[in-house]
Every structure is written in C-alpha cells, then in structure tokens.
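For reference, the structure I am asking about is given below.
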Amino acid sequence: MAPTNTKDSDTPGWLHRHGTSVLGSVARQACKQPIYTLVITALLATMTYTSLLEGSLYNANLTRLSNSHLNQLDVTDFLQGSRSLRLGKATAWQWETDDESMSDQEVRPSFFLDPVASHLALITLVFPTSENNPGISAVQESIISDLAAAQLVSRTPSVLSSTFRETSITLSVPYNNLEEVLRKTQNFPQPEAEHSWTLKNAGKCNSGPKLRLWLIDVLASFVGLIKHAQIIDIIIMLLAYLAMHLTFLSLFMSMRQLGSRFWLAYSVLLSGFFSLFFGLKVTTSSGVSTSMITLSECLPILVIIVGFEKPIRLTRAVLRAATESYLPAKPMARRSTPEAIEVAIMREGWRIVRDYAIEIAILAAGATSRVQGALPQFCFLAAWILLFDSLLLFTFYISVLCVKLEITRIRKHVEPRRALEDDDISTGNQDFDSRVFGCKVKAANISRFKFLMVGGFVLFNVLQLSSLTYGNVRVSDWMPYLSNLSNTLMPAPINPYRVARNGLDDIYVASRANNIETRVTVLPPIKYVLQSQSRHCRDNFAGPLCDTLRGRTLGCVLAWLEDPVISKWVIAALFLSLVLNSYLMKAARWNLRQSEVIPDSSATVSQTKDSSNKLAEKRTVDAMLQEGRVSLLEDEEIVNLCLRGKISAHALEKTMERHPTMSRLEAFTRAVKIRRTVVSRTPSTIDVSSSLEYSKAPFENYDYTLVHGACCENIIGYLPLPVGAAGPLVIDGRNYFIPMATTEGVLVASASRGCKAINAGGGAVTVINADGMTRGPCLAFSSVSRAAEAKQWIDSDEGKKILATAFNSTSRFARLQGLKSAQAGTYLYVRFKSTTGDAMGMNMISKGVEKALEVMKGHGFSDMSTISVTGNYCVDKKPAAINWIDGRGKSVVAEALIPADAVRSVLKTDVDALVELNTAKNLVGSAMAGSIGGFNVHASNLVAAVLLATGQDPAQNVESSSCITIMKNVNNNLHISVSMPCIEVGTIGGGTILEPQAAMLDLLGVRGAHATNPGDNARQLARIVAAAVLAGELSTCAALAAGHLVSAHMAHNRSKVAAKTG
C-alpha cells in the first residue's frame, strides 16, 4: 500500500500542471531570443530608473538651484520633513503631534481650518565649528538687530554634536513671517573678515548637480539622520546591512560552487535591482507614499528574509538537467540548452512559483492591514518587487542562463578542434554541426548576432540620451507627471522633540502662563557653510553666464552622464556587451578557420579523422585531469583514465564528490558504477570479470555515504540477503521477533518452531555472568628476567592501578576490569579486559591498551618493545580455551522448561529421546572430537544469522558461537539450557550505522546507545542471541530425534534440477 500512496501523493494537480505549462512556454520564448530578452529588459529597467531619478533627484536639484539663482526662496523646500504640534485646552495643555507632516499642508489647505491664537515656527540654524572658523556671536547679534520678528530660544544640543563639532541657534518666529526670516538668514557676513556664513546650496552656479557636491549633500544628510537617531536603532541597522551583505556573499559562494565565479551571481543581483525599479514605478503610479528612509531601513530586512534561494535552486536544476543530457547511457539523445532549461522548469518551476505566491500573499496581507506607520506602504512595495522578481527570474535570468550554457558548450566543442588545428591536422567540416540556442547556425549567423548585440546596446543608449535631452527643458512641464514620485521619495518627517525640545519647553511655559493656544511647526535643521565672499560673488556672476553659454540640451545631457548611478550602468552594459561579443567572435573565428581547411582527399580525411579525434579527446581529458575537474568528464572518459592508471579506482568517491551539481550520494553511486566498469575491463582479469558491468548484482538505490570510510572499500555494489523473522519468542517476560539473515532454508522455520515450544513453557529466561572485551598485546624484552620483572609489576596492585588509570583515561565508557599475563621466554602476553558500553569495543579497548603500554614504559620498562597490540592472547576470531574459560564479550546463560505435552505436540518427540540425543551427540560426541566450545548442534547457524541481520562483525561468529547445550528430564518435562561465554555484539558503530541493519535493531528495540545505563542495549542483544540459539538447538535436536531433519532439508533446501529434454 505504501507505493500506491506515494504515487497518489506525487501526482500533480490541475493547477500544478497548467502552471508548469505556462512557465515552460514563457521560458521557451525567452530561450528562443535570449539577447532580445536581455536588451529589452535592460532598456525597460533603464527607462524606469531614469524616470524615477528625474522625478526625485534631478528635477528637485534643478528647481532648487534655479530658485536660488533667481534669489527666490521657496518655503516648501524648508518645510519638507517638518512636524506640527499644537498646545491648548483641547489637548489638556499637552503637546500633541498632528497626523500629517507640514509638507502635506500645501496639498491640503484644510489642515489650517482649525484656528489658534498663535502659530509659531521653530527654526534651528546649524553652524559647523572648528579652530579656524569664527564664532557665531556675530550671527546672534545680526539676528537680534536685523530680525525683529525672531526670538532666540533655548537650543537643544544633539548627542553627537560634540563629535561632529557643530553649534546651533534656535529661533522662534511667527509662521506668517517665516518666508521673510528665511530670506534674511541666507547669508551672515562676518565683520572685518573675507568669509561669511552661507545657506547650504544657495547661490551656486546653475550648472547641474556635480558629483562632488552631490556626494557632500548625501553625506551631510546621512550625518544628520545619525545625529537624530537612537543608538539602538543605529546598531540594528548596522546589523541588518551586515547581514544583507553576508547574504550577497552567500549568493556568490553558492554560484561559485555551481561553477560560475561572477556572472550568474551578478545577474541575480541585477535582476533584483530591476525588480526594485519596476516595483517603485508601480508604487508611485498607485499613489502609495514610501519615503527613502523607509526604503533604506526595510530593504535589507526584505533581502535577508527572502534571500536568493530561488535563483540558486533554478540554476542547480538547469545545470543538473544539462549534465544529465551528457550521460553515456544516452549518447545520441543530447538535449539542447533550451530543452535542458525546460526540463529544469518542469522539475522546480512550480515549487519556486508557489514560494513566491506565499511570500506575496503575506506581504499583501501586511499592505491591507491597519498597522500604524510605514509598514503597509512598504509591504505594498515589497509585494510588487517580488512579483516582478518572479517574472524576471523566468525571463531575464533564464536568458542569462541560456547564454551562459551556450557559451560553455561552444567552448567545450571548439577546444579539441583548436588543438588539432595547432598541429596542422584537419578534421574536415562535413559532420560539424554548430548549434546555438537549439538552432543550427553558420558563421554568418554569428556575425549577424554580434551586430545585433552591439547595435542593440548603442540604440538603447541613444534613446536614453534623447529622452533626457527633451525631458528636462522645463521643470514645470514635467511636474504634473512626477508629483507622485516627489511624494514617494520625499524625506521622512523629523522627530520634533529631538530637534527642538528645549525650545518647545520655552514656548510651553510662555503659552501656559498667558493661556494662549499655540501651534508650533518645527522645521528640519538648516545647515550653513563658511564661504569666501569673493568666491560667492564670482559664483553669482557666473550663474547667468553658464546658462547663456550652454544650451539646455547639452546641460541636460551632461547632467545625466554625470549621475553616479547611470554612468556606472552605462559602463557595466558596455562591458557586458564587450565580454559577450568577445566570446562570440572567438567562436565565429574558430568556426571560419575550420571551414577554410580543405582536405586533400577523402582517404586522407577518413584516416586523419579517427586519429585526430582520439588525440583531441586525450588532450582535453588530460587537461581536465590536471585542473582537478575529472568529475565533469563523462563516465567513459573516467573509465579510460582509471585503466591507464591516471586515477586510482579506490579514490573514485573522493574524485566524484567534487562535482558541482551532484549530491554526495549521487556522486558515490556514480563512483560505484564506474568502478564496476573498471573491474570488468581490467585486462588482467577480463576473462573472468567481464560480466560484472552488466550483471544483476545491484548497486543503485543504496546509501553509500554511510558505507564510505566506515564499512567497506572499493565498493562495487551490495548483496541483498534474505531476512526472516523467527518468533515471537518470550524472553524474560517480553515478546520479540528475532531477525535472521540467511540463505539456508528451514533455519528460520526451525527456530520459529523452537520459539513456539519455549513459549508453551512460559518463555526463556536469561542471565549475564560477565561483560568485558579483551585485547592481548605481545611485549618483548631483552632477557627472561626482564620479562619476569614486568610480569610481577603488572600483577602487583601498584602496576594494576597505574595501568588502569591510564587505560580508563582514553574513554568515558572503557573501564579496565582485570589483567592476566603469561610469559613465554622473553615474550610477555598481557590480556586486558574492559567494559565498552554499547559498542562491541575492539577499537575502544585497543586505544586503551596503547595508552597503558605507553605509560608502562615510563615506569622502569623503557627497554620494552611492543611486538603487536594483539598477540593472539585475546583471543579474537579464533576458537580458544581461554575464551571458553574466562569469557570474552558477554557471557550469557539461557534456559527454558518445556512441558511434556508441548514436546509431543510441537516437537513431535518425547523428553527422554531428546535428553539421550543431547548427551550422546552434543556432549560425548564433541568430547571425542576434542572440540573447544562446540558442545551444541548448530549454535553457529543462529548466531551468524542474527549477527548479519543486526550489522555485527560476521567473523565474531567464531568465538560467539562457543556453546554447550544441556538437557534434563525434570518431572517428565524437558529442561534445556545453553551457556555461551563469548557473545561479542554491539549496538553502535560498525555495520549498525547502515539503514537496513539499524532497522533490525529497531525491531528489537536496542538501536544505538542506551539513554541512561550505557551497555544495556548491547547486553540485551546478547540475551536475544542466546535465546535464539536456545530455540534453534531445541528444534533441531527434536528433528534429529524424530528423524525429520533430512526430509525437511530435502523438501525445503535442495536445488531443483532442471528436467532433461530430448
């Protein structure tokens, strides 16, 4: 049922199918004409950016400069970003902020319909101070004498005023006199000095916004924002911008892993900027107001949250589809680049669109919410940005990918031919098939393509220049169309309490004392600069002259070219055009060179063709080998490298792991496939191993990442081993199904019959008498007496304590239980015995032994040499009396009492027959043979099956199956027991990490380490092994006693011979 459910769940729905079809159609059209798509998108984005720039920056600067030139001051310029406060009985004599900034009052005159007794304006004049600048005392005297309507109030110093060396003066003036006061404060001449305080940007030559002045203005605005911001806000924004740039870095690193060092990541960022321009255009056209401050604060958060995962996923899918088209399994079915892109969109397109839809829906919900502040406006803008980003991903970025893949393919196919031409070898041109974007082309087509590329970029630059030439002739003509832009990009309102708190306190005291209702408009700080008067006069004179000498068209063009962003974009576009054309011109030149080579005769062409192809292929493969890009070669090429000895077969996993688009599992599976081919084609064994490549030994759908470096080397596949479940069997009061991996028929069935008989008597009972793994190193000394001294020291309490301390320091689970030594001439054998937790423990105890021997050398035995860390005194994987007597691993005894009725009904025999059989066969017969630990029927069968099923070391079956089976007649019932002193199992490490074996451990409930008592899981597994042996011994002895063993094996475990014909 599981496969059916999976299939049903994976079936795409109607929306999925039709959405993917639409995406495929869009991408297909973009891939047919990728250059047109790129140029049109860039042209639209540039036009959008230019309109935004003209409406927000250029026209604003032009208006301000023209007004200053005519000495006409516009109060609305100073009111932008201001805030209005009111005080009176209606506000309970508390300052209340109006909902809208003063910049909106010009648009909505109804704002002033609510009359008040007094309407004041608070002006903060900011002067930079330094050691060379004169003081501002003269400025204060000038204000007192010349501005009768203005009053000095307490200034509010900024937290960062001392850092930036600024001094301010705060004035309170009637709102009706604001324009007059501002006009008189444009310039404060210094008496007996050649300098004067001049209002920033006042009186400059109307020559357009220079780059240096623009940068200074931006820097000053930035500093002003910092001075009036809280420290925590600054820290948060710094962290946001840092995280945003880390996101950019992650994008470049991800694209570099996919094989692109710069261009793909750059294209993703460029697509993001285009989306921002389009989103701003739609937002401004919709009348939604979003300030530049809000953009600068929220855009980093949007970049961090959304990220660039979608373009990376699409790129990875396209590269994978392109790589699959070059697999050796389908040498004649290579996809074109548009086909590879279409396959990638079929796989990932719908998921990407679904993610975009979810994000846009969340932003749309935020845009329609009633949350106070700028969040709804920014959500509206962000939703449009993501919408355009999704459209550009499947048009603009898909075109970039198409061009990138085509250029890579052209270079890959042309490099071998270039190598041949350098050696004066002709390959002919009959079979050369040059395809660009899936269509067959000639050299003339490529030349025409280059012309269109260059012409397209030149055309769009000319159009942009023309649009600007005729666009800024009169600012007033354009203002109705750009009003929305001006509203959108206007400065954010200031915080009046940070700018003029002390001045507001003075007004509050006066108004409350006189009981006068008051409205106060707090203007943003007005900056002043110190200028030379002579230079100021020259600038005033040069203004009209500049306008006269230069035409309006030329001024607009120069102003546009001086813009810091547009100029960079023009340079970037021209550079991109140059790079693309360089690639295409090289491809066209190589193609033309190839067509100019005329073969002398058909015989020469045919003879040269094969040899030249082989030579070119060999050179290309060798070059990629030297560059460390073997994983990008085809399988057949890698096989040839292995057979030539250029690549070691055992290192294929490490080599394939470097593939940029393959997962680690896919790379390892590919390595196994290649190694099978190498083994099959190795010349020295090809007569016997040639069948492996196409044999039925499986190698796919297996997790080789778990095997690599842990379980096996030189992997050529895996062998499915049948696994049966015997039982259930009650062991110490709990039911278990016992997994057995075996190819011997009747074994699982026999064990299941034994389980049934044991359950009839209440189940099996197990006990563990000992738990300790052993390791016996061999030590050599210069003389027998030195070996004896070492033996005495090891057997002493002091020696045991020192060795135990050193041994136990190597692991938190290893605890030395005992030492046993034996001397043979100058050789000394020491048997370490230690607990090892839930691990089988061979590696753990070996590490402890090495540490103990190292410490022993420092206690008077520096002349000792270690022959081997294992001296066969352990004893490991060999039958030995010492294991039978002292035990190794888990020493387990299991017993069961079988009722006489169950013996007759289930086992088909009687108690006395079983007792006599066991005595004669298992005890006397094994003694006659001189067996060590072999006093059983077939304990090794059961032990090996359980060890294989649970991921144990199968070789440990040699000592683990040491067993003595005892049967007794107790009150006409059968009492059976098995004693097994050397069960060596673990539940962590080794083969237990493999998924199938781990699943069998889960079946027994003993997977991994025990959570509270280390070692309990491994001991429980040893109990289960002993109980399984108990069931197997019981059933097989019964079959022997009843004479059923041979007939059962003949019926279930004998190969059927094919019938003879003819």
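Every residue, even glycine, has its Cβ placed from backbone N, Cα and C.
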Do Gln29 and Ser168 end up on the same side of the membrane (judging by the domain labels in Swiss-Prot)?
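Swiss-Prot topology: Gln29, Ser168 on opposite sides of the membrane.
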Out of Asn484, Asn1053, which residue gets the N-linked glycosylation site annotation in Swiss-Prot?
Asn484
For which of the residue intervals 288-308, 729-749 does Swiss-Prot record transmembrane segment?
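Based on what Swiss-Prot states, transmembrane segment spans 288-308.
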In Swiss-Prot, which of these is labelled N-linked glycosylation site: Asn61, Asn808?
Asn61
Can you check which of 35-55, 1022-1042 Swiss-Prot lists as transmembrane segment?
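Residues 35-55 are the ones Swiss-Prot records as transmembrane segment.
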Would you kindly give the Cα-Cα distance separating Glu744 (active site, charge relay system) and Lys877 (active site, charge relay system), rounded to the nearest Å?
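Cα-Cα distance, Lys877 (active site, charge relay system) to Glu744 (active site, charge relay system): 23 Å.
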Rounded to a whole angstrom, what is the C-alpha distance between Glu744 (active site, charge relay system) and Asp953 (active site, charge relay system)?
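Here the two Cα atoms are 19 Å apart.
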Write out how many residues of the topological domain 'Lumenal' (283-287) are helix, how many strand and how many coil, based on DSSP.
3 helix, 0 strand, 2 coil
Looking only at the topological domain 'Cytoplasmic' (252-261), what are its DSSP counts of helix, strand and coil residues?
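Its residues fall into 6 helix, 0 strand, 4 coil.
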Can you count the other CB atoms that lie within 10 A of the CB of Lys877 (active site, charge relay system)?
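Total other Cβ atoms inside 10 Å, all chains included: 14.
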Determine the Cβ neighbour count for Glu744 (active site, charge relay system): the number of other Cβ atoms within 10 Å of its Cβ.
16
Taking the topological domain 'Cytoplasmic' (252-261) alone, what is its mean pLDDT?
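For the topological domain 'Cytoplasmic' (252-261), the model's average pLDDT rounds to 78.
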